[in-house]
Every structure is written in structure tokens, then in C-alpha cells.
Amino acid sequence: MALSRLSSSSSSSNGSNLFNPFSAAFTLNRPISSDTTATLTIETSLPFTAHNCDPPSRSVTTSPSELLSFFRTMALMRRMEIAADSLYKANLIRGFCHLYDGQEAVAVGMEAGTTKKDCIITAYRDHCTFLGRGGTLLRVYAELMGRRDGCSKGKGGSMHFYKKDSGFYGGHGIVGAQVPLGCGLAFGQKYLKDESVTFALYGDGAANQGQLFEALNISALWDLPAILVCENNHYGMGTATWRSAKSPAYFKRGDYVPGLKVDGMDALAVKQACKFAKEHALKNGPIILEMDTYRYHGHSMSDPGSTYRTRDEISGVRQERDPIERVRKLLLSHDIATEKELKDTEKEVRKEVDEAIAKAKDSPMPDPSDLFSNVYVKGYGVEAFGVDRKEVRVTLP
């Protein structure tokens, strides 16, 4: 499969320091990497398919530092999820656990096309989205193991990661329920006029939920800056899209709402689509992005992932479309990094993950009294009365 067509230029780089915890780890020795103004123009591996709108350009502007950040961050995400699998099998992680390996390009590309003013809300496959928003490995593993240093203080677990200070409004365990909440965030953004948008992520398994269409309708009616992102990994639990949807072209599901189908295994295509969608949403209201992606693990830890699909199918996607390998090829073909440097990066990532796991194991368990905290939000002192204002009087939470 042809990866892309490449060209170099020397103009001001539009790549910002998107992944602060990771980008500092790279030192570049070749001529292209020593030029801070160097840019690359890369054509996406596949064209965008549009519904009720003109598609964005396939030519994406990037930089050596951004590509290196993509590689390292996706490698970190991949290793983080594989290690979580081992921890689950060792009974150090309990309950539900949904892994994201294979889909890393969506989380990384979305970060590259947004700012921390923008909001992201997603379903239960949320570990990598949290990490992309600036979360740390310690917070991830401590939460997965139910420890006090977790991002939700050990009380949320795998499905309920959260980082409000970076605009990440969490993973949510109820299928599709996060989409109306995301549209509510977009309502707040429009009310405050802060020129930001909300990305509400859901899977193909949630695409048939009624509340999704209700939220989309009100968002379109009020021109809210809401971007609905369907992460189509082709299987809702063990059900293939063709078995659950009469029309699996999810980017067209909005009818009167524009949509765009994106190669969700290409981080640069995701970046381009998210920038395009943000510009559209701020001017014209909601838009749907369908990310064509793939998960390597089963739906959850109880799913071997091979009863409803063949191992040949999984290995075929790995060979042809793996998001990390795509970026690796770009880095090597442009002489931005050597194979040894990339392998060294992967070794560093493995070490970081191991160190974070060790620290998370040392984190204390929540105090039993914490069971009763965060049950209700702090009251605003609002009072409710009965019909005659004497019958019933209560202070609302």
C-alpha cells in the first residue's frame, strides 16, 4: 500500500509542542531535524470522503518534531495498553477494562488538531485519550489498580478517567450517553463565546442509539460547535457493523448534518480532519467525523477477539495499516531518525511504563471513608416549596 507522497519546504512550522511530557526526549542529528523552520507536506494515505460538504485537502503540513512526537506518543500508548493487559491477567486490575491498541492515531491526531480549550468526551475506551490530553502514566495505572493516586482517586476505574483542567470530560460507561453530555458542553462553549469546540466520541456500536440522534438534532437546531466522532473499529463487542447497521456509512447518518470519513489509522489524516471540523463547527454548527480504525484486542478483557474475526484479518491490518509503522516509515524515509534511534525510543517507553507501574503499586488504597465522598455535588442553596409554599420545603442539592 502506498503510504504517501512527500515534499519538503522551508517555511514557518505550524507544529506546536503538543505533547510536552514526551517531545523533549528527542535529540535530532540530521540536517532536516536541526532546522527548526523545516516543514513537510505529506499527502494522506487515503482521500477523505465527504457528505454535504467539500472535503479538506489531502496535503497535510507537519514537521520533524511533530512526527517524532507522534511516534513516541503512540508507542507509549501501545506499550501502556499491552502492560495493562498483563496487569489484568495478574489480577492487579479488576472489573471492566477496554484497551485501545490499534486506535492510537485517533487520539494523537485529534490532539494535533485541537487545543486544550477544546473539550473531548468519550466512552469507556478512554486510557489513551486521557494520556493525550496531558495525563500521566502514574495516574493511569493507579486508577486502573484502584489506588488513591489515580486520575479519579481510584474510584472510577478503567471506564471513568477524567481531566477537567485539560478539557477531558471523561470516559463514560453507558453506551452513547456521553454524546448528549458533549453537546451540552458545546452549548456552554457557544454561550460563553470562547471560540472552542467539543469532540464527542462514540463507537460504531453506539451509533444506533436514539439519544445520539436527539443530541444531533438539537445541536443542529442551535448551531452548536459540536463534533460527533464515530470511532468505527468495525465491531460493536462481537457484532460486525454489517450485522447491526442497515447503512454503516456513519458519516452520512446526520442527513442534514455534514460528515467526513477519515482514515483513522493515519494520524496526519486525523489531524487534518479535526482542524477542518473545528473550523466548520465554529462557523456552521455540528459535523460528523467517521474514523475508520481497528482495535487489536477484543472488546474487553473477557473477549479473546478471535471468535467473530480471523487472526488473519487482525494480522493483515497490522501489516497494512498499523498507525505506528506508518509514522516509522515516514521518519526513516525522510532521514529524520534512524532505525536504532526509534528502537531506543521504544526501549525508553518500555522503561517509563515499568517505572510508572512500580510507583502505582506503591500508591495507597483509598480510605474506606472515601466511599461516601463525591456522591453529590455541593448544593447551591436553592429551595423548593409545595403548592401553598408551606406544604413541602426542601433545599435542593
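In case you wondered, yes, glycine gets a Cβ from its N, Cα and C as well.
As recorded in Swiss-Prot:
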- His98, Tyr124, Arg125, Gly173, Val175, Asp204, Gly205, Ala206, Asn233, Tyr235: pyruvate binding site (BINDING)
- Tyr124, Arg125, Gly173, Val175, Asp204, Gly205, Ala206, Asn233, His299: thiamine diphosphate binding site (BINDING)
- Asp204, Asn233, Tyr235: Mg(2+) binding site (BINDING)
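Around the Cβ of Gly205 (pyruvate binding site), a 10 Å sphere holds 23 further Cβ atoms from the protein chains shown. Considering only the binding-site residues His98, Gly205, Asn233, Tyr235, Gly173 (thiamine diphosphate binding site) has His98 as its nearest partner by CA-CA distance. Residue environment of Ala206 (thiamine diphosphate binding site) contains 20 other Cβ atoms, counted within 10 Å of its Cβ in all protein chains.
In sequence order, Gly102, Gln103, Gly203, Asp204, Thr293, Tyr294, Arg295 are the residues of the chain that are 6 or more apart from Asn233 (pyruvate binding site) and have a CB within less than 8 Å of its CB. Here the Cα atom of Val175 (pyruvate binding site) is found 6 Å from that of Ala206 (thiamine diphosphate binding site).
Comparing Tyr235 (Mg(2+) binding site) with His299 (thiamine diphosphate binding site), their Cα atoms are 8 Å apart once rounded.
The separation of His98 (pyruvate binding site) from His299 (thiamine diphosphate binding site), Cα to Cα, is 6 Å. Cβ environment of Arg125 (pyruvate binding site): His98, Leu99, Tyr100, Gln103, Gly171, Gly203, Glu231, Arg295 lie under 8 Å away, each six or more residues apart in the same chain. Taking the mean position of the Cβ atoms of Asp204, Asn233, Tyr235 as the Mg(2+) site, the remaining residues of that chain whose Cβ falls within 8 Å of it are Gly203, Gly205, Glu231, Asn232, His234, Gly236, Ala240, Thr241, Tyr294, Arg295. The DSSP secondary structure for Tyr235 (Mg(2+) binding site) is strand. Secondary structure from DSSP puts Tyr124 (thiamine diphosphate binding site) in coil.
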